[in-house]
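Colleague: Quick one: this structure, given as structure tokens, is what I'll be asking you about.
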Amino acid sequence: MGAYAEHIKTVCNRFDKALDDNHFESVLIYSGQPRVDFLDDNAPPYRVNPLFKYWVPVTESPKSAIFYRKGSQRPTVYLFQARDFWHAAVSIPEEEWQQHVDLKIIDDLSMLTEDLGSELEQSAFIGEDFAQPVSDWKVKARNPQALIDHLHFHRSIKTEWEVDNLREANRLAAKAHVAAKEAFYAGKSELEIHHAYLGAIDFRESQVPYNSIVALNSHSAILHYDVYDTVPPKQIRSFLIDAGARYRGYCADITRSYAYEEGFYADLVEAMDKAQQELLSEIKPGASYYDLHVSMHLKVAQILSDFDFIKGDAQSIYDKGYTSAFMPHGLGHFIGLQVHDVGGFLKDDKGTSYERSERHPFLRLLRDIEVGHVFTIEPGLYVVDQLLEEHKDSADINWDKVDELRPYGGVRIEDSIVVGSDGNENLTRDAFKELGAE
Ligand code: GLY
Ligand code: MN
Ligand code: MN
């Protein structure tokens, strides 16, 4: 059986169980549609419902839907193709997935409701329903949380086909990262680097999975920096790029940090890279991702000590809360159909949640590690003055050193890892290696 055939079988089985446990006969998954801006007739780029693209790699077909009857092992895909002279027809190339579904082309949503008749009333509806006629459809339930939790819990284990797509997404992103790095060393502005990134893989901006962070110098300490200066700084020091790509709806999310010249910042990047690789070697089925996050804090604490940012040993630096000021975000997150893929807080498929950690409130993944999980590992260290404020009277902190790092911003290294039973796969480093780039 091919990888997609296996994938859709797994998806059918997961839906069978989820529908059964939640007492639904069937489900209708709406792909969504663009929502126009306030007082306007333009819409931001359309983003497909992730549970729609879980079934089929169709990401550009608004107003489409998937109907699945429990136990049938074969979904119906209602593919919307507008018959009007305003829009280009969506081209759907002939692909393997079409052999595994009943495909019905529609140009009006009434064709879907007529086809389904009274079955719709027994269905769970999953999708956005802000517009008519979808908002008027008589269904058994709209976006039932228990059904969604069930699906989200199991979505964390990726099928082979999903891993293939993530591998390809990483290849695309790595290629673009190489172009961005070259543009950085050629002295380009943030916007020019951003364009070099997109150009290298023929992407338009709406195709990347999140706003790329393209940050020179101190901008890299702004965790979601995405405003892009149009001129390069007078003195170029550092470059942090956190940017991804999508392939068949699956996401890559890669961060690299570069020093413009040899020196203290280059050493810091090297130390972070080493710490990141040590963390990768700690990933094992059964281990807790939370413990890995704490291990990361201790490694960051060691770097803070080694580079003379803070007095003391790693444990005391962590215990006093200093690492949270320098490294405020989580170690990483699930990745898949969504960049921050779902299910990181779910304990089981009944929707029981882990409580968010008070000590580490931004950590999005609290589950134990399992074979088939795919997640990021992204340690970092930054000068965020707002967070350092709390420690402003601390004599442990070497403020001269903090001042030295401030114009460089920060450093982060981020890869995506597939957990295996006998070793893990680093999708990101493998992609760079294939390019001869790392
Ligand atoms: N680029 C978003 C993240 O790393 O989580
Ligand atoms: Mn990430
Ligand atoms: Mn990232």
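Start at 1 and count along the chain as shown; that gives each residue its number.
For all residues, glycine too, the Cβ spot is worked out from N, Cα and C.
Given the structure is predicted, the values throughout are model-derived calculations rather than measurements.
Marked as Mn(2+) 2 binding site by TrEMBL: Asp242, Asp253, Glu414. Sequence annotations record features per position, and here TrEMBL assigns Mn(2+) 1 binding site to Asp253, His333, Glu378, Glu414. Under the heading domain 'Xaa-Pro dipeptidase N-terminal', TrEMBL lists 3-153. Look at TrEMBL and you will find 165-419 tagged as domain 'Peptidase M24'.
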Colleague: Around the Mn(2+) 1 site recorded as Asp253, His333, Glu378, Glu414, what other same-chain residues have a C-beta within 8 angstroms of the site's C-beta center?
Modeller: Asp242, Ile254, Thr255, Gly332, Ile335, Val339, Phe375, Thr376, Ile377, Asp415, Ser416
Colleague: In this predicted model, what is the average pLDDT of the domain 'Xaa-Pro dipeptidase N-terminal' (3-153)?
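Modeller: Taking every residue of the domain 'Xaa-Pro dipeptidase N-terminal' (3-153) together, the mean pLDDT is 96.
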Colleague: Which binding-site residues from the set Asp242, Asp253, Glu378 come near ligand 2, judged by a Cβ under 6 Å from any of its atoms?
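Modeller: Cβ under 6 Å from ligand 2: Asp253, Glu378.
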Colleague: Where does His333 (Mn(2+) 1 binding site) sit in DSSP terms: helix, strand, or coil?
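Modeller: His333 (Mn(2+) 1 binding site) sits in coil per DSSP, no helix or strand.
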Colleague: Residues other than Asp242, Asp253, Glu414 within 8 Å, Cβ to Cβ centroid, of the Mn(2+) 2 site?
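Modeller: For the Mn(2+) 2 site the neighbour list reads Ile213, Ala243, Gly244, Ile254, Thr255, Thr376, Glu378, Arg412.
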Colleague: Rounded to a whole angstrom, what is the C-alpha distance between Glu414 (Mn(2+) 2 binding site) and His333 (Mn(2+) 1 binding site)?
Modeller: 11
Colleague: Cβ neighbours within 10 Å, counted over all protein chains: which one of the binding-site residues Asp242, His333 has the most?
Modeller: Asp242
Colleague: Please list, in sequence order, the residues in the chain of Asp253 (Mn(2+) 2 binding site) that are at least six apart in sequence and whose C-beta is under 8 Å away from its C-beta.
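Modeller: Set apart from Asp253 (Mn(2+) 2 binding site) by at least 6 residues yet with Cβ under 8 Å, we have Ala173, Pro209, Tyr210, Asp242, Gly244, Ile335, Val339, Thr376, Glu414, Ser416.
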Colleague: Would you count the other CB atoms within 10 A of the CB of Glu414 (Mn(2+) 2 binding site), including those on all shown protein chains?
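Modeller: The answer is 20.
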Colleague: Measure from the Cβ of Glu378 (Mn(2+) 1 binding site) and count the other Cβ atoms within 10 Å, all protein chains considered.
Modeller: 22
Colleague: Can you tell me whether DSSP puts Asp242 (Mn(2+) 2 binding site) in helix, strand or coil?
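Modeller: Strand, per DSSP.
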